[in-house]
Amino acid sequence: MEAAVKCASSQFVGSSSSVSSSSNTNQPRHFFRYDSNRRTLKFKPRSTFSIRAAATGDSDSVVTLLDYGAGNVRSVRNAIRSLGFDIKDVQTPEDILNAKRLVFPGVGAFAAAMDVLNQKGMAEALCTYIENDRPFLGICLGMQLLFESSEENGPVKGLGLIPGVVGRFGSSNGFRVPHIGWNALQIRRDSEILEDIGNHHVYFVHSYRAMPSDDNEEWVSSTCNYGGNFIASVRRGNVHAVQFHPEKSGDIGLSILRRFLYPKSFAAKKSLGGKASKLAKRVIACLDVRANDKGDLVVTKGDQYDVREQTKENEVRNLGKPVDLAGQYYLDGADEVSFLNITGFRDFPLGDLPMLQVLRCTSENVFVPLTVGGGIRDFTDGHGRHYSSLEVASEYFRSGADKVSIGSDAVYAAEEYLKTGEKTGKSSLEQISRVYGNQAVVVSIDPRRVYLKSPDDVKFKSVKVSNPGPNGEEYAWYQCTVNGGREGRPIGAYELAKAVEELGAGEILLNCIDCDGQGKGFDIDLIKLISDAVTIPVIASSGAGSVEHFSEVFAETNASAALAAGIFHRKEVPIQSVKEHLLKEGIEVRI
């Protein structure tokens, strides 16, 4: 059964596209190596670097992209193309030196990135290019690598161009780590590409940051406050770098990229409005995607996980096409879009070409974060070829996903961890977070409420419920399930959340089978239990039916985001109405 998905970039299947004629589209996509035991990386002095830049025939409409082979850079490519530029991929150090403008969208872990740059001789070329004040834009890890070193799996030596050490956020002050979401900038000095952006939210997703100091003061162009001020952007001459993701920051982010690519076109300041002051609460649109009985990929929605209509035909509920709906939610103001692949070629995830194509097509026009879940695990195909969960996740990242969501596999990993007390490093959760960072891994928890007469009736963490059970029970524990809610497991939501945080999860998507599709509000008891138990962000899901339900969950729990599906699909509650209501209630959101 195949579901056709067509989009403008449908010719790009698999590896990233390039206008460079020397690019080999059949080359391995994942050519980085990661060594968890590595404490330092050798770095040759720049004086030994002798490659000389040659004349280039690149036109003014070409951007050179340094993609070292990890993570989602498809969105950066699409954003650059949307602004009228073609892309040339870096294949050799000479490509860096010959670039007229260079973009480095670093994704993943610091050590893995430096390993590749050093192995391929690109670290020296990059330093030479930047020291010659050539047009450069580093994004996220592409900024962090400019500093002297990082504590991430380290210490690991960086490029050493900016004084300072990249350290991990502290969570002891109550701030969630990773720092995920839309936050405000404080402009420190003329930044050129950030004109009048200080009043707007931009999208961050990271666990490590560099701090401003007297030694790097001349570099710092803006800071962001999250448990203290950290460096949000740097600028010296033609060299720019940002900790946030402009390609995921909507129209504001595209305006930043436009200013970098067309620096002479923005001499006059243009007021963009906005009142951003701190980290915003996120409103996320979720699309449950599956093939219907005709083989077409559709967005569906279940009631307590049943996605079929209660009719004689019993057909799959069809609420629209995934790419079209995702694009509409982006225009409506969704802060993120989440795809949950609920059928999915479970025995062969990498054979799920339609879902991969949905990601590719969506990322062409949707410039906010994309998450995908469903079937991300180790598997062996019919020919006996084994694929690791890291390989599966990598394919989703390269197709446009910014985060992957792991469900059943995380439950099994947590059960094993709680049984042995040891981290094997082999679970999907551990593999992916080790290479891409825990900010790239979401764990989806699907619990079912089990009422109790006494909290002593079970060994799992229970709560006193706001609404008594059918027989007057005052307590409940939340039993985790797998396989789409069809199988209960001997582990509670509380125990699972604590375990997956230790195993490397960067965020928790907290569902509730009892509330799913009911429209009566989020399960506040559950969300409060979990969001108080962990230090990573928690996304509230299941049960939203009105704008008041969103303000309620943010006011009564420590949830960082709230997700809804059916009410958005059926246009019962528009995303903009949710945000307007939250603003009236004094809750900061991105507008």
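Cβ coordinates come from backbone N, Cα and C, glycine included.
Of all ranges given (1-27, 379-405, 460-486), TrEMBL attaches the label region 'Disordered' to 1-27. Neighbours of His245 (active site), defined as other CB atoms within 10 A of its CB across all chains, total 25. Geometry remark: Cys140 (L-glutamine binding site) versus Asp446 (active site), CA distance 32 Å. The number of other Cβ atoms within 10 Å of the Cβ belonging to Asp288 (active site), over all protein chains shown, comes to 25.
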